[in-house]
Amino acid sequence: MACIILEVIIIILFGTLVQYDDETDAKLWHQEIANGSSNYDNDFYYRYPSFQDVHVMIFIGFGFLMTFLQRYGFSSVGFNFLIAAFALQWATLMQGFVHGMHGGKIHVGIESMINADFCTGSVLISFGAVLGKTSPVQLLVMSVIEVTLFAVNEFIVLSVLGAKDAGGSMTIHTFGAYFGLMVARVLYRPNLDKSKHKNCSVYHSDLFAMIGTIYLWMFWPSFNSAVTAHGDDQHRTAMNTYYSLAACTLATYGLSAVVAHDGKLDMVHIQNAALAGGVAVGTAGEMMLTPFGSMIVGFLAGTVSVLGFKFLSPILEEKLKIQDTCGVHNLHGMPGVLGAIVGAVTAALATKDVYGDGLVCLFLTSWESVPSAGFMAISLAVTLGIALLGGLITGFILKLPIYGAPPDTICFEDGIYWELPGEEGSHEELTTVRTPDEAEKLNA
Amino acid sequence: MACIILEVIIIILFGTLVQYDDETDAKLWHQEIANGSSNYDNDFYYRYPSFQDVHVMIFIGFGFLMTFLQRYGFSSVGFNFLIAAFALQWATLMQGFVHGMHGGKIHVGIESMINADFCTGSVLISFGAVLGKTSPVQLLVMSVIEVTLFAVNEFIVLSVLGAKDAGGSMTIHTFGAYFGLMVARVLYRPNLDKSKHKNCSVYHSDLFAMIGTIYLWMFWPSFNSAVTAHGDDQHRTAMNTYYSLAACTLATYGLSAVVAHDGKLDMVHIQNAALAGGVAVGTAGEMMLTPFGSMIVGFLAGTVSVLGFKFLSPILEEKLKIQDTCGVHNLHGMPGVLGAIVGAVTAALATKDVYGDGLVCLFLTSWESVPSAGFMAISLAVTLGIALLGGLITGFILKLPIYGAPPDTICFEDGIYWELPGEEGSHEELTTVRTPDEAEKLNA
Amino acid sequence: MACIILEVIIIILFGTLVQYDDETDAKLWHQEIANGSSNYDNDFYYRYPSFQDVHVMIFIGFGFLMTFLQRYGFSSVGFNFLIAAFALQWATLMQGFVHGMHGGKIHVGIESMINADFCTGSVLISFGAVLGKTSPVQLLVMSVIEVTLFAVNEFIVLSVLGAKDAGGSMTIHTFGAYFGLMVARVLYRPNLDKSKHKNCSVYHSDLFAMIGTIYLWMFWPSFNSAVTAHGDDQHRTAMNTYYSLAACTLATYGLSAVVAHDGKLDMVHIQNAALAGGVAVGTAGEMMLTPFGSMIVGFLAGTVSVLGFKFLSPILEEKLKIQDTCGVHNLHGMPGVLGAIVGAVTAALATKDVYGDGLVCLFLTSWESVPSAGFMAISLAVTLGIALLGGLITGFILKLPIYGAPPDTICFEDGIYWELPGEEGSHEELTTVRTPDEAEKLNA
């Protein structure tokens, strides 16, 4: 029911506020054609393949990455689907508001579609932190707030401070991770170990999760390059990301075996840490980072991420009371911050000698004033501030006992929100874990 | 054996009739180059990414969507693969015949490849209606007939009546659904409840099916825009479809919880109804439907589809004796008809004021004579007529007891057509459900 | 640990040797812009979508194709991921060395990325032959050697002998298959039947494998056309491959039913033989093979491949002592040789009359001297020679007892290299099959 109300609101807002842009409107585009453009110049042909790769990352990548839990596959893929479909619409509105209207209207086209998917990605990162412990209504409420704050932060970082962050190390990953971690902190469940036996994987659920991992890994070059400038920028960003990921993967496998007691590989590391290289070149990827630099960054990101899973996550849970289901701090949080730092340093080192005429194009500025490391540092601080404060407030809103959150004993369990099929050859009775008033809340 | 004979026939026909078109023939294309074209103008670069997205929908999307049945995954993916690989070849021939030969030859290139995949999609929709109750030989026979009638209907609707239907609300979805439903009606099995325990899902089979759903959902914008005109048309079609699907998804989740007794979500709805938004903008998507209009259509489509699964499907089965395994009436039938109506209305409302010079381009006509709602209505009627009549005849042909159709007791069961592996830790004996003469028929 | 050392070496080499090419370097590209190029001319837009399709084949296609084994899914996907991420970096270096440096530097861009993925594909084919019987360290050592020899062979075939082989029938498939088969021969395990009960599939593992199959099948047109010349060449190559695969699929289904005792389909054939059509047009696909010719080749490839699985593989194992886990001889070996022969014949038949001005463009030569069948035959012989000799040496290197290879009793088992989750409702104890010194070797 919440879905329907939200959708009706969105549809009304779209009706009042949203318009085709120059490249999707029949009349306006044909005016451009009359002025000498070719249909082949339509940005559709230079952005749409990247958009579809990003789309796959959002819906398949994030969705299946979270299916590793043994009895939470329906919710992982299904709520991911729901939240993403909602957030991309809401993001179109919020980003349109904040980034500038055209005569009172929001203009939409392929770039707005990519940006909406990016914002959605941030929400899904936060979802990873609270996975298994929240109801769909809570997730929708979180999305409403997070998307709004995302748009505000993105505006401050990119437009006010003039930072560069094409792949969103700061705006997407750092923001989404720390927002989600703060929500998880506020929603801390001291008795979560009652559901502990369900907070783990089974053999096939880990294979489903690998589908998510591999798609995220493959298409991350498209993610980081999706909205960079055309030409060398987009080409270079994709390639830097590709090298960073490759180096990160080797570091992850190596370290995963080293930190284990018995030299065995841990699926959690492979599924997550191997991706940290993509996060960590989100800011610097479009710069002249070189393949060499990209690989060092990727290698560091993988290292930080595996060590985080092994040593930091238990501390976060025990000392800071942050129950981070998917370990988003290790995949998005620390690598995101690393990416912001790398971006600041790389930008500070940019010279006319290395970039040639590309300097102006990339930094949209004369070469004397590339964004200083200082501005990038301020951007990172702003991002962290808004994320943590926003997450704090959101956490308290979600704590209100009106959203049908699952009790401690039946977290990480699909049965509470989904009609489950019987199991072929199953030996445990599928206890349907719903009480009447929980059901009512779901319908709220 | 049937496969081999059919393939030999197809190869001979290709040898006699099929030629490279201007853009795939070395000599002809280099004549165009000599006349001032650039290699970058080759349509490959403006259609191939869309083609590959459509290809993924056909082989992964449809294939895995149907894996929801617990013991029919091999057949769902495997027969989908077989039928699709056959139908795309046969469709190239049939569409080539009907849409005009060039000096006695069929010309092939990226557009013929997309159109062949579209026709294949229609056959796979019909497959969904009869899933689990037909042998591969029956399916091949059905494909032969359906592809032929599809090409005829497409020719009448698009070329004779001049209707617009780029995403195939009518020609693909309505046609495929009602054709398949009529076949299912003729093949009605009164004792199908003997296989009832197999006509349902298990936990992991539903997750496999979600792979199909998500791919269909993500790439539907590519499907609807794959053959629209270059420039704003293709860009706008993709975006309209994207918004329609997003709105449809929210409506589906909301309604699925509302119509359930206990507020739980039903995987069948999520897997299918969330896609209805793509079907319903198949005709109007290339027009100036606006994001607002697209979302309303998507919302309606999701609503109709969930209600169809909940209330109409049981009636179809009990009263009309149509056993629609995948519920194609709810996903393709009703939303397809809705799409045709929306298309007719949107086309009727098209004005020079809104479309500018794009009007002529889109409707290939002077602005006084955009296809009237009347012509669109006739197109819909023709489509329904050919589909139902064709399905009726096909059903009776398939009823002949010569194709190795499965008996009522072992429908929805892979074991009859596939060598099955043993089960790890399985407790039920896998009864191999084949009798000698069934095997012979398979070899026929 | 081996991973980390290798990665550090690679990073140092990249730091010394690798540079952006003209299209990824900001300064150089903006010089081209200043000379009149457009950003839209950047090769990124004409190669990147194909690259991503190839990337999906390498990481999802090969990775999941090998998940058919019941308890080797983690290793299949995971080691595939590891080897591929390593090999693409190493291939960039080796191919850069051999194919020509620019002022002492290797230039990288989208074409080097595609070529590195191609080389990686060859290594993964060899992996298929030894799947389940090798440790990750062995696989990394194999990759180091194989990538190097691949680059040498590719240089001889393409640059010295001037053969055409855009889709790599010879350089990728024949090379990878016979290299791997020879390694498997040297690593022959007479007592492998102790692990026999694990060297088979279960129901869901076969479905995961179908994900790999279908992705390989769908994107093979992109594979074969990824590095062909722009324009008609790329367009034609994709289309020829598409028709070859379609015909191959029908032949595979038909023959699979015919060669079975009881008319049932065999998943092994469908998963593998249906792809042989892509292999077999790897050389001739860019030529004027015609759809007719492509389909004949595909039909033959499917036939050869199914018959190989049925009749030849048992002989290879019993008589020649080659334990070819995935049957790469049937999918890549014989169809690769077939493809080389078809390519030689098609090239020999090339005339100015058929190709027009495209002849010079395609064969980079005046029309009097298209590569003769003789040169193609020499290329095939060289490829086979280097593959077999290289595989022999590599096999003996891998036989050294220092890499933690699994004992005969626990081949095809993830538990030796991976932390395994418990099984939900599992009845067999998961014996952790590691001894202390095996663990140490893994850490080596």
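Glycine is treated like the rest: Cβ placed from N, Cα and C.
Across the residues of the domain 'Ammonium transporter AmtB-like' (C:37-402), the predicted structure has a mean pLDDT of 92. Look at TrEMBL and you will find C:37-402 tagged as domain 'Ammonium transporter AmtB-like'.
The transmembrane segment annotation in TrEMBL covers C:54-74 (among others).
Look at TrEMBL and you will find C:81-101 (among others) tagged as transmembrane segment.
For the transmembrane segment (C:113-132), the list of distant contacts is 47, 50-51, 54-55, 57-58, 62, 65-66, 69, 72, 75-76, 79-80, 83-84, 87-89, 91-92, 94-95, 138-139, 142-143, 146-147, 150-151, 154, 168, 171-173, 175-177, 179-181, 183-184, 187, 195, 198-199, 223, 226-227, 322, 324-329, 331-332, 391, 411-413: same-chain residues at least six beyond its ends, Cβ to Cβ under 8 Å. Taken from TrEMBL, the feature transmembrane segment applies to C:113-132 (among others).
What TrEMBL lists as transmembrane segment is C:139-161 (among others).
Away from its own ends, the transmembrane segment (C:167-188) comes close to residues 118-119, 121-130, 133-134, 142, 146, 149-150, 153-154, 157-158, 223-225, 237, 241, 278-286, 316, 320-325, 328-329, 331-333, 335-340, 342-343, 379-380, 383-384, 386-388, 390-392, 394-396, 398-399 of its chain (Cβ-Cβ under 8 Å, at least six residues beyond either end). According to TrEMBL, the transmembrane segment annotation covers C:167-188 (among others).
Residues or ranges marked as transmembrane segment by TrEMBL: C:200-220 (among others).
Sequence-distant contacts of the transmembrane segment (C:240-260), counting only residues of its own chain at least 6 positions beyond either end whose CB sits under 8 Å from a CB of the stretch, comprise 167, 217, 220-221, 223-225, 266, 269-270, 273-278, 280-281, 284-286, 289-291, 293-303, 305-307, 310. Look at TrEMBL and you will find C:240-260 (among others) tagged as transmembrane segment.
What TrEMBL records for C:272-289 (among others) is transmembrane segment.
Taken from TrEMBL, the feature transmembrane segment covers C:295-316 (among others).
The transmembrane segment annotation in TrEMBL covers C:337-355 (among others).
Annotation source TrEMBL lists transmembrane segment at C:375-398 (among others). Within the chain carrying the transmembrane segment (C:375-398), a Cβ under 8 angstroms from the stretch's Cβ atoms is held by residues 126, 134, 138, 141-142, 145-146, 149, 152-153, 156-157, 161-163, 165, 170-171, 174-187, 283, 337, 340-341, 343-344, 347-348, 405, all 6 or more beyond its ends.
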